[in-house]
Amino acid sequence: MLRTTLAGLRAHKLRLLLTSLAIALGVGFIAGTFVLTDTIEVGFRQKFTADAAKIDVAVRPADDPAISAEVLAKIRKVPGVVEAQGMLSGPAPLLGRDGKAAGNYPTTGISVMTGQLNRLTLTGGVAPAKPDEAILDDNTAKTRQFAVGDTITVLDQKNVKHEFTLVGLFDTGVDQQLASSGAVGFTTETARLMTGAKGFDRVDVVGTEDPARLRDAVASALGAGFQVKTGDQLADELAAQSKVEIGYLTLLLLLFGLVAMFVSALVIYNTFNILVAQRTREMALLRCIGATRTQIFGSILLESAVVGVLSSGIGLLLGLGLGAGAMAVMEALDGPVPAGAAIALTPRTIVFSVLIGLLVTIGAALLPARAATRVAPVAALRSQVEEQSFKTGVVRIVFAGLFLLAGAGLTTAGITSIEGDLALIVLMGGGGVFFLGVLIISPVIMRPLAAFVGWLPRRLFGVPGKLAVDNARRNPRRAATTTVALTIGVALMTLISVITATTRATVKTQLDEQFPVDYMISDQRGSEAGVPRAVADALRQSPEIGSVMQMRVTNAPVAASDPGTDPGTGEATVGNIPSVPDFRPKAASGSFDRLEPGTVALVDYLAREWNRKVGDTIQVKTTEAGTVTLTIVATFDGRTSDQAPVSVPEKEFDRYFGPLDDTRVFVNAKDGVAPEVARRAVEAVAQPYPTALVMSSTELRGEFDDALDMMLMIFGGLLGLAILISILGIANTLSLSVHERTHESALLRALGLTRPQLRRMLSLEALLLGLIGALVGICLGTVYGWAAMQTFPFEIQFRAPVGQILSFLALSGLAGVLAALLPARRASRASIVGALASV
Amino acid sequence: MTITTDVRHAVVAKGLAKIYGQGDAAVHALRGVDVSFATGAFTAIMGPSGSGKSTLMHCLAGLDTVTEGSVAIGDVEITRLSDKQLTLLRRERVGFVFQAFNLLPTLTAEQNIRLPLEIAGRQADQVLFDRVIDTVGLRDRLSHKPSELSGGQQQRVAVARALISKPNVIFADEPTGNLDSRSGAEVLAFLRRSVRELGQTIVMVTHDPGAASYADRVVFLRDGLLVTELTDPTPQSVLDTLLKLEA
Ligand SMILES: Nc1ncnc2c1ncn2[C@@H]1O[C@H](COP(=O)(O)OP(=O)(O)OP(=O)(O)O)[C@@H](O)[C@H]1O
Ligand SMILES: [Mg+2]
């Protein structure tokens, strides 16, 4: 029996390879995920361990925000301490060559430790040794065009410019935050002055003693309020943290890997089903000459095991390549990954990949193997292999109905009655169950669908078209499994593109409501720093500018207690209501027209929380006017407005809190002024203020669009694999069908069908399969995309990106046609006489 | 050497040779066969197993290439045609009935019968269609799929399909090989009637002396060579000739 099976496998090498490839791709993706994340993790650990080797003890603040210079002095006096240095960081905006602060976020200023404790990797020059020396991370240096020897200008925390000589460049390594903000390094003292840091984030210590003993000595000298750890402990802790972060990446990638594996399982299941159907006679013959059911069952499983082992092996190699490739790409893109890390292939990766490949393959072959045991020996004697007939069973309908109903029910529940993250999870579960229902019912709907999709080809392509539609319909179960595999990928693609399009439209509407202006000026360092009022004043003078609105916010204790009592310490953000009416939000209740001294507009959620409505009062503890009692004249929707939750009239704000800087300045160009002209005018006004960041609404939207496009691309790429596998499935099914219909093809050729016509027939069949799979996927994806967006607690602008979705349909059809290329070629090349003789 | 047929011959073959394989493994299936088939006649090809009957038929029908010699169907020399030209020629001028698997399982009997015309993009001659259907006696089975027909009915559908496009010649390779004697007789009688009544030319390969006796003429092959022939055969005369050949 074993020998028969192996001989059969050897005889069909191509088929074996094609089948294996489906599983191999899935396994490769999973193995690749492990290889990539293991490599990153090991790289991180090596980096942390190498860093930690330089430190004996690290001290970090536990309760206090920072470690003061006195504490550092105390540490230095602990017996056994040879050296102790503090480390600090804070915003230190680097000015670009145009005199404006570089980037949308301030550069991070860091202290560079000296001697043994220095952990920065210099890529050029030397570390700063004098107060007027600085180093830059190499990325920032490159984009801002600074080289060693140049003079750079950095703002201190009071916006005073300081000039430094650039003496070196360094690599930010694995620090994601530094990598994204850019970093400038100073001597410790200069860094403290520049950033205005109150103390150190961490103090690193080297000593003569054993690290554990030194740690205890330092800890007892400092008392409570500090975390004191040995270098090794620190490395472990950092590695554990990064492991958690990588864990999320692993999980996300594995999710896609599992989708791919599921699709592979469908492909394998279908392949074995067809093989068993085709070998009915062979197996009946084996039964006739004495093979038992168990032996037949065993031989099919053995075949699947061979396929499983082979594909897992290929998959593992593929995964190694994928992992290494992804790592190389991330390094090339300067991603925050440990550079030059050795590719990690752990035993876990090997065991897990081989196991999942084997299990999925054998699992998918179980049902077909069982079907094979049902072949009666007498089937060997029948002359004509019977067409596989398909009758819609009651059991199938009932099961499908149950699944579809349960799925729809869960989905509806997710949309209507559950809130928050749980809703999305319920919805996803509902989607999964509903999909299983579709999977079960798919053979039933395959015939009508094929008739529907095939309507045009039938009319357009003559006899090949008609025959293709008939062929697509003749074996609904096979067609269903083949197309459903594609449905999965297309459904998820559609889902994601619907979600991105909807998000894009929704955010655009929100931006239009919240940000109904052309430009916004804010400080690069965020809401804590302000834009001098002179900016707004100058803008008002500018002839290109239509209207200017200054928004100021501050935090103050606010409460809804009785008049005259102290509001306590619960802080809320208090801001001004613009005097210009076009910048005001819509009132949910009350009216902004009644704003006058002693009144306030309150955001709806605070009003609900405090149980206050228009006409009631709240207390605000101001800095300049003591505690004031304010009457609520309006409430507004916090989700569609950028207005501070507690908003008072502009003049009153100044009276309560003094002449604070503007947090944000909103600017509208005068009607008819060209955007470039207006932009230049705004920028000219902002020029003297290096950290005043001018953003246009189009830029803001563009950034958001870019982020969405990026997401769409990444998910598309990840799903591409599942789609590729399903296309392989189409190719596989088709080539098996072609093999099965060798005689039919020969007959058609004898009757006068030309080679191109025969090829066209098969391509059309594949086209139909592709289109049907895509069509079902598009319907599911669109509906679930809509449903997913319904779980979000704000108003949705639903968009189905028709162009994109149609392109999925077209690409699926095209992919089907491509999948048919080889089988069709083989079929049309076959000699008529040879094909007629074989059976 | 070019040859043509005159009106009296639907198919003419000259010096036909066919060699399968090369070198030591070469099989000389046909070793120079000269044969012609009269228009409107029913000819049977007989011979021992492996004598080259099927090979001859395939070469005559343009299904296979010949190693040497030439074949003409009607006024067309087919041995030099491209695959595409051959395909078009088969559409227009040749009908086939095979031993088994003659029909497309996805099509009904009627669709199967009309298939060659549809492939050729021609309209069925409705009068001929009715006549053929009635001759074959399949009118009540037209909407059935092949799997719902008996073996004999399937073969009759195949014959009807071959007739409907009015080909110059119909080639049949053991059309009754899979049938019991009664269904076999029905099919053969039908073939003979289509020759008599419709003036169809038919070339049939068979093993069965009884089947051969339905033909007007029987040609005998042995080891790839045409050795003898009979006109107006009876089962007995065919059997005698065969026994002589095998001796
Ligand atoms: N494709 C092929 N390759 C090699 N040899 C072949 C091939 N087809 C036929 N032959 C050989 O050519 C010879 C004639 O074969 P053919 O099929 O024409 O015989 P036949 O008279 O039809 O036999 P039967 O009565 O058994 O059908 C035989 O010896 C056969 O083995
Ligand atoms: Mg033969």
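Cβ coordinates are placed from backbone N, Cα and C, and glycine is handled just like the others.
TrEMBL has this to say about the protein:
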type     : residues  : note
TRANSMEM : A:16-36   : transmembrane segment
DOMAIN   : A:17-177  : domain 'MacB-like periplasmic core'
TRANSMEM : A:248-276 : transmembrane segment
DOMAIN   : A:255-375 : domain 'ABC3 transporter permease C-terminal'
TRANSMEM : A:297-330 : transmembrane segment
TRANSMEM : A:350-372 : transmembrane segment
TRANSMEM : A:393-416 : transmembrane segment
TRANSMEM : A:422-441 : transmembrane segment
DOMAIN   : A:480-684 : domain 'MacB-like periplasmic core'
TRANSMEM : A:483-501 : transmembrane segment
REGION   : A:561-580 : region 'Disordered'
TRANSMEM : A:710-731 : transmembrane segment
DOMAIN   : A:718-831 : domain 'ABC3 transporter permease C-terminal'
TRANSMEM : A:766-789 : transmembrane segment
TRANSMEM : A:801-822 : transmembrane segment
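Counting Cβ pairs closer than 8 Å to the transmembrane segment (A:393-416), the top stretch among A:248-276, A:350-372, A:766-789 is A:766-789.
Only residues 6 or more beyond the boundaries of the transmembrane segment (A:297-330), in the same chain, are considered here, and those with a CB under 8 A from a CB of the stretch are 1-2, 4-6, 8-9, 16, 19-36, 39-40, 268, 272, 276, 337, 341, 343, 345, 349-350, 353-354, 356-362, 364-366, 368-370, 372-373.
Remote same-chain partners of the transmembrane segment (A:350-372), defined as residues 6 or more beyond its termini with a Cβ less than 8 Å from a stretch Cβ, comprise 23-24, 26-27, 30-31, 34, 261, 264-266, 268-269, 272-273, 275-276, 279, 283, 296-297, 300-301, 303-305, 307-309, 311-313, 315-316, 319. Counting Cβ pairs under 8 Å that are 6 or more residues apart, the transmembrane segment (A:422-441) and the transmembrane segment (A:483-501) reach 3 or more and are in contact. Residues of the same chain lying 6 or more positions beyond the ends of the transmembrane segment (A:483-501) and with a Cβ under 8 Å from any Cβ of it are 259, 262-263, 266-267, 270, 435, 438-439, 442, 446, 708-709, 711-712, 715-716, 719-720, 722-723, 725-727, 729-730, 769-770, 772-774, 776-778, 780-782, 784-786, 788-789, 799-801, 804-805, 808, 812.
Note on the domain 'ABC3 transporter permease C-terminal' (A:718-831): DSSP counts are 96 helix, 0 strand, 18 coil. Helix, strand and coil residue tallies for the domain 'ABC3 transporter permease C-terminal' (A:255-375), in that order: 100 helix, 0 strand, 21 coil [DSSP].
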